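A short write-up of the structure that comes next.
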Amino acid sequence: MKRYIVGISGASGAILAVTLVSELARLGHHVDVIISPAAQKTLYYELETKSFLATIPSNLHKNILIHRITSIESSLSSGSTLVDATIIVPCSVATIAAISCGLSDNLLRRVADVALKEKRPLILVPRETPLSAIHLENLLKLAQNGAVILPPMPTWYFRPETANDIANDIVGKILAILQLDSPLIKRWENPH
């Protein structure tokens with residue numbers, strides 16, 4: 001069993017976080033979840049619930065631990081806590097800017113800072129469009145320091161029909177980077 005941190009910031013795309021946490025837990029991994037106040041609002045607006053756990057099948061709850069964003073004293077704040085990867089999905093441009101400047105003023109930003117300084121996998125899923133030059137500079141700075149930047153761009157050649165299809169595709173890309181085996185991972189096969 002591996003241990004993953006999933007941070008959820010206030011950008012649109014709550015379904016991506018729900019899908020990722022559900023699949024990691026279904027695969028038997030421990031998932032530490034940190035939700036920003038803005039993400040709580042987005043969760044309510046997009047999925048009509050105030051409880052993140054209410055969006056996850058109850059049989060998976062045993063593998064999920066929710067942390068308060070203000071719990072800077074959490075063991076997750078320390079590089080001595082072993083974590084296999086940190087994923088922030090969706091990741092707002094405000095969170096990207098803070099991480100790129102090394103701001104660790106809450107648990108969500110701190111775990112990203114720890115991942116960078118400890119040279120552990122950090123996957124950021126920025127959900128913003130269009131991107132300004134400032135956004136691009138921040139993303140470049142993070143990529144140059146080891147972060148994987150994974151914009152939630154659907155793989156159109158798989159012909160998604162629903163929002164769930166798109167979420168599954170994007171989460172499959174995250175899981176592939178983590179080198180996990182999941183039915184959500186799709187591989188291109190030339191039909192001709």
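Indices start at 1 and increase along the chain as displayed.
Each residue, glycine too, has its Cβ placed from N, Cα and C.
Now, the feature entries from Swiss-Prot:
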- GLY10, ALA11, SER12, SER36, SER92, VAL93, ALA94, THR95, ARG127: FMN binding site (BINDING)
- TYR157, LYS173: dimethylallyl phosphate binding site (BINDING)
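Listed in sequence order, THR42, GLU46, PRO90, ARG127 are the same-chain residues six or more apart from SER12 (FMN binding site) with CB atoms under 8 A from its CB. For the FMN site, whose binding residues are given in the record as GLY10, ALA11, SER12, SER36, SER92, VAL93, ALA94, THR95, ARG127, the maximum C-alpha distance rounds to 15 Å. A simple way to gauge crowding: the CB of ALA94 (FMN binding site) has 15 other CB atoms within 10 angstroms, across all the protein chains here.
Take the mean position of the Cβ atoms of GLY10, ALA11, SER12, SER36, SER92, VAL93, ALA94, THR95, ARG127, the recorded FMN site; other residues of that chain with a Cβ within 8 Å of it are SER9, ALA38, ALA39, PRO90, CYS91, ILE96, PRO126, GLU128. Less than 8 angstroms from the CB of SER92 (FMN binding site) sit SER9, GLY10, ALA11, SER36, ALA38, PRO126, ARG127, GLU128, each of them six or more residues away in the same chain. Proximity of LYS173 (dimethylallyl phosphate binding site) to non-local residues of its own chain (separation of 6 or more, Cβ distance below 8 Å) is seen for LEU150, THR155, ILE185, given in sequence order. Counting every protein chain shown, the number of other Cβ atoms lying within 10 Å of the Cβ of ARG127 (FMN binding site) is 20. Across the structure, ALA94 (FMN binding site) and TYR157 (dimethylallyl phosphate binding site) place their CA atoms 32 angstrom apart. Packing around GLY10 (FMN binding site) is summarised by its Cβ count: 20 other Cβ atoms lie within 10 angstroms of its Cβ, all protein chains included.
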